[in-house]
């Protein structure tokens, strides 16, 4: 556990999860967050049924209901598979410190750069989430009417009469923070782990280009051992991406379906509302959805593209003067690198920028259809 918390590329998200006892420990904090947020999400979906007819209200409430549903789903999967996540992060810690001991200035510079990037993204995501969540909770105070941050229908309770209104409002404000911690760290975890995948891939590329440095032209045995080590590193990277995919693929599938639909609905809502404050709010919701999806697809696409560049690195290495047996080993690396390492949506479609563009195109197509029907 200490090795995970001391590994800088994943420690930010690991510490948040550990605080809420989702991983690395098991105490009451887990239930203090999961159970109330799950109950609140259930009442949010009940409220959707009672708001049917007012499409503007339904879309806004649907956005928050889907957002909290995804937060609960992410957390339940994380808790259910916590041993898999802990073992995965333990492996990251081991490989991270192994790479940090490589005596190569370019590799160390690469490791520092990607570590800083991962930590900055994790911290900024949490800070941005806290700011936006605060805006969600205080916005109803400035509307001039009694409203809640998130629509809720509790059978037998009038949520807009005192003192029920004040109690429900306070509960929603309190639960917003754990809800934020249930949702955002998973996105940051995905980004951090894909960035570490890129570190491993680029390290392998560098070593393929320089593995013969310091080895004499007649020391083929040492060169052969180096190439065998590089093949093992390549296999380790393949296993790493496969394990990462198994942890996130179905969550990515739910995100693909839910946020694709919500993006379409919010674009439609943006087209029909006239209140300037609501336009700003809806535009912020759209930005959050697009940035969330883009973070997934951009980094997954980078892993895919760089994994294929391993073949280029192997071919551009010092292979000309090597024995045929070593050349054949390098050829195996080149052949395997032709098959890209992919993170997929539900083990069906690879997460690429082309797929991201297709999702945006589909959402916009449904939006134009809705607009024509509405007009």
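Just so you know, the numbers here start at 1 and follow the chain as drawn.
Any Cβ shown, glycine's included, is placed from N, Cα and C.
If one looks beyond the transmembrane segment (32-52) by at least 6 residues along the same chain, the residues whose Cβ comes under 8 Å of a Cβ in the stretch are 20, 58, 61-62, 64-65, 68-69, 71-72, 75-76, 79, 150-155, 171-172, 175, 178-179, 181-182. Residues annotated as transmembrane segment in Swiss-Prot: 32-52 (among others).
If you look up Swiss-Prot, you'll see 58-78 (among others) marked as transmembrane segment, on the strength of sequence analysis. Under 8 Å from some Cβ of the transmembrane segment (58-78) lie the Cβ atoms of residues 17, 22-23, 33-34, 37-38, 40-41, 44-45, 47-48, 51-52, 85, 136, 150-151, 179, 182-183, 186, 250-251, 254-255, 258-259, 262, 265-266, 268-269, 282, 285, all in the same chain and six or more residues away from its ends.
Residues or ranges marked as transmembrane segment by Swiss-Prot on the basis of sequence analysis: 125-145 (among others).
According to Swiss-Prot, the feature transmembrane segment maps to 167-187 (among others), an assignment based on sequence analysis.
Taken from Swiss-Prot, the feature transmembrane segment covers 250-270 (among others).
The transmembrane segment feature in Swiss-Prot is assigned to 279-299 (among others).
Away from its own ends, the transmembrane segment (279-299) comes close to residues 60, 63, 132, 135, 139, 187, 190-191, 194-195, 198, 252, 255-256, 259, 262-263, 266-267, 269-270, 273, 351-353, 355-356, 359-360 of its chain (Cβ-Cβ under 8 Å, at least six residues beyond either end).
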